[in-house]
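Have a look at the structure below before the remarks.
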Amino acid sequence: MKTAKIYQYQLPMDSGVILRDQRLQQRDGLIIELSDGKHTAKGEIAPLPEFSQENLEQAREDLISLTQAWLNDEVLDVDANCPSVAFGFSMALLELENNLPEVGNYQVAPLCSGDPDDLVVKLNEMSGKKVAKIKVGMYEAIRDGMVANMFLELIPDLSLRLDANRGWTPKKAEQFANYVSPQYRSRIEFLEEPCHRPEESLEFSKATGIAIAWDETVRDEGFEVKAQDGVAAIVIKPTLVGSVGKCIELVEQAHLLGMQAVISSSIESSLALTQLARLAAWKTPNTIPGLDTIDLFKMQLDTPWPHCELPMQALSDLEVIWES
């Protein structure tokens, strides 16, 4: 007999977590728990403020409706729901059917969100390929260029991933590039969405030789993966994109064109983050995923992230807001 529960969580965040225009003091989300009588599986639904098209209340309504359809054995169109619900519910179904491999890729590209000196220490301790991520576009473009150049100069075997979140005008993007030595530019794996408009980002790549990646563009209406000069990767954030099936389609399309596909976090709890690590190991085994976000939290949820010492919130401690 099928049963389902929906939990709601609030997890405290590190004080330094800033989204586009606001400080994120706590992460709010829902956990769906599905049981088929033999097995139980979970998925996380956590719209990200300022990035998701839906809010938590809209997600809750979609989730209850979809869960009722599942309990009634109706034919499900998971992607007809808002993206965070499509992702979390499809992940729970994948787990329930035992189709998500247990092995995870927990190697991360460390995120430089504070003192650059801290990142240098962290990178020097890394074995294997050294890849780091830096958020750019929040300060002056010239400063961002100088910081990127400094890392590439200090650590000769370092590759950088940069994320501008469409933050620059073409002029600002040019200022950034002017402060990155041409000899180091090939070690920028990609710069996510440097300019406000995709065509401006393509022009930037053509002019500078710096590879770019699509992130926000992946979620634009009618997006298709296609080979374009200068585009090295697509960044897939399942909470913002939709179902696991939809994400896998994007990965396969990118790989067919010789592009990287990077599974990336939308600041989910450790529960979903570990599932994303398993998805990454399964579908993008040769690419380091973008999952270095657990340290933005003050607490884990239900499932531990390897080597993380943050305290754990048990699912049994959460409020059940719906069950059947």
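Placement of Cβ uses the backbone N, Cα and C atoms for every residue, glycine included.
Among the candidates Asp157, Asp163, the residue that Swiss-Prot annotates alongside Glu192, Asp215 as binding Mg(2+) is Asp163. Sequence-distant contacts of Lys237 (active site, proton acceptor), defined by Cβ-Cβ distance under 8 angstroms and a gap of at least six in the same chain, are Asp215, Ser264, Ser265, Ser266. DSSP classifies Glu192 (Mg(2+) binding site) as strand under the three-state reduction. For Lys135 (active site, proton donor) paired with Asp163 (Mg(2+) binding site), the C-alpha to C-alpha distance reads 5 Å. The number of other CB atoms found within 10 A of the CB of Asp163 (Mg(2+) binding site), across every protein chain shown, is 22.
Close to the recorded Mg(2+) site, the chain also has Arg161, Leu162, Ala164, Asn165, Phe190, Leu191, Glu193, Ala213, Glu216, Val235: residues not among Asp163, Glu192, Asp215 whose Cβ is within 8 Å of the site's Cβ mean position.
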